[in-house]
Amino acid sequence: MATFVDRAVLHLTAGNGGHGCASVHREKFKPLGGPDGGNGGRGGDIVLRVDPQVTTLLEYHHGPHRTATNGRPGEGGERNGAQGEDLVLGVPDGTVISTRDGEVLADLVGTGAEYVAARGGRGGLGNKALASPRRKAPGFALLGEPGETAEVVLELKTLADVALVGFPSAGKSSLVSVVSAAKPKIADYPFTTLVPNLGVVTAGGNRFTIADVPGLIPGASQGKGLGLEFLRHVERCHVLVHVIDCATLEPGRDPLTDLDVIEHELAEYVPDASLGGIPLADRVRVVVLNKADVPEARELAEMVRPDLEERGLEVHIVSAVAHLGLKELTYALAGHVQRARDEQIEIEPPRVVLRPKAVDDAGFHVRRENTPDGEVFRVLGDRPTRWVRQTDFGNDEAVGYLADRLNRLGVEDGLLKAGAVAGSTVLIGPEEDAVVFDWEPTVASGAELLGQRGTDLRLEDRHRPTREEKRAAFKDKMDAKTAAREELAADRRAGLWTDQD
Ligand SMILES: Nc1nc2c(ncn2[C@@H]2O[C@H](COP(=O)(O)OP(=O)(O)OP(=O)(O)O)[C@@H](O)[C@H]2O)c(=O)[nH]1
Ligand SMILES: [Mg+2]
């Protein structure tokens, strides 16, 4: 059973970021030399890049699971962990990358065109980098983030100007072999060609590419023979050439019937509209009557030629084996290709579609949800989610740092506005894998904070001082100062120390 390798589904896992390191500098006589834990390295990305050496997706068909290397953890002595290596996967020119749902992510055309399919996780900061005037010696570090995972579909769409279609053994590969330098496999059994062979043709100063296509048979559109799967290869061609075997002795076959059969199958094939393809039915058609070196075949070809021309088709009688009529054919094809190029019919505008980034990188929002376990408040947003992933929940200081970060972003206010009260259940993080908190508000931002009257501890110690109290406090302070001054004066009088001047 032939296996197609012009479509592959990849399961990608980018590298995890390395964890940051929490370490304290130690030296003789300097027991507390300050934090010196290095940062974790970034995890490797997974990049798909057009490589001219790669012509099929075979490799990915056999090995669909790919993983980039992880970043290394940071170490003491301010040593940062090494970055994970990016994994670059070579793909053939004309590879279209899409999601499982068929959304096109990128259309890679031209050597070197690339697409980052999965991003490596960021490395966690070490305690050296987390130190600040307020937090001089953090006893924690941030965790590295996991690498992205992605499932992408690769499809190969050969970039040929001219595509040869026809029954098996009509001589398509033979034709490619005699008009170009390509050397495809040729044999007298059907379905010799399993993936298209691409050749470059030079004719009268013009160059164009030509590709044969695996043989089509009646019912191909329902999956008979090799089916129509590979027709995606010809979606980008300007000219379709029917190669017709005039020497076949198979019952029920003759040039006109063969042409109708292939046209019917082509009509059943629906090109990928998302790529802006012109329907195959609207492409320029040329008919090649092959094997004219066989006398009966030549006779038959001459006989059906007027019928075909009457249908408005351009007809060439050739022999791939005896090299008959090839020059006229290649010049005619070059002319069609040139006209298409002149009219700038872009069948597939080369483009790279970048995946839209999550909408609110900077912000967050709070969603109130009712679950079987009661009401919860979900904090959604890139940054809160990332911060939670970076937190080592076994370390109180790290958790405190997380609380500070969330607070500065305004998450507490957001929760208040959404109706959260002390003790509410708050979820932060990825939908499936969120971290659950019992909320303890830390900010005093007004009356909303007070749950039931009289139960809030802050009523006692956080109320605003009255003028009376302020005056009393001021007097206390001044009294203390006076006392201190008097003490100094007493010392001076006692001759304990002298003035500088
Ligand atoms: N006599 C004669 N035989 C030919 C000619 N062209 C091709 N053949 C023979 O026809 C057979 C099939 O040729 P291929 O070129 O492999 O045919 P194909 O259309 O690529 O076939 P599939 O790949 O199976 O679809 C081979 O045995 C060729 O030698 C020709 O012009 N004259
Ligand atoms: Mg072939």
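Each Cβ is built from the backbone N, Cα and C atoms, and glycine gets one as well.
TrEMBL lists 166-173, 191-195, 212-215, 290-293, 319-321 with the feature GTP binding site. Among the features that TrEMBL reports, Mg(2+) binding site is placed at Ser173, Thr193. Per TrEMBL, domain 'Obg' is recorded for 2-159. Per TrEMBL, the feature domain 'OBG-type G' maps to 160-338. Taken from TrEMBL, the feature domain 'OCT' covers 356-441. Feature annotation from TrEMBL assigns region 'Disordered' to 61-86.
Neighbour counts of Cβ atoms within 10 Å were compared for the binding-site residues Ser169, Ser173, Thr192, Thr193, and the top value is held by Ser173.
A Cα-Cα distance of 9 Å separates Ser169 (GTP binding site) from Thr193 (Mg(2+) binding site). Secondary structure at Ser173 (Mg(2+) binding site), taken from DSSP and collapsed to helix, strand or coil, is helix. Long-range Cβ contacts of Pro214 (GTP binding site) within its own chain (separation 6+, distance under 8 Å): Pro168, Phe191, Thr193, Leu194, Val195, Pro196, Leu226, Phe230. Comparing Cβ neighbour counts within 10 Å across the binding-site residues Lys172, Lys291, the minimum falls on Lys291. The Cβ of Gly166 (GTP binding site) has 25 other Cβ atoms within 10 Å, all protein chains considered. The binding-site residues near Ser173 (Mg(2+) binding site), taking a 10 angstroms Cα-Cα threshold over the set Thr192, Lys291, Ser319, are Thr192.
Predicted-model confidence for the domain 'Obg' (2-159) is 88, expressed as mean pLDDT.
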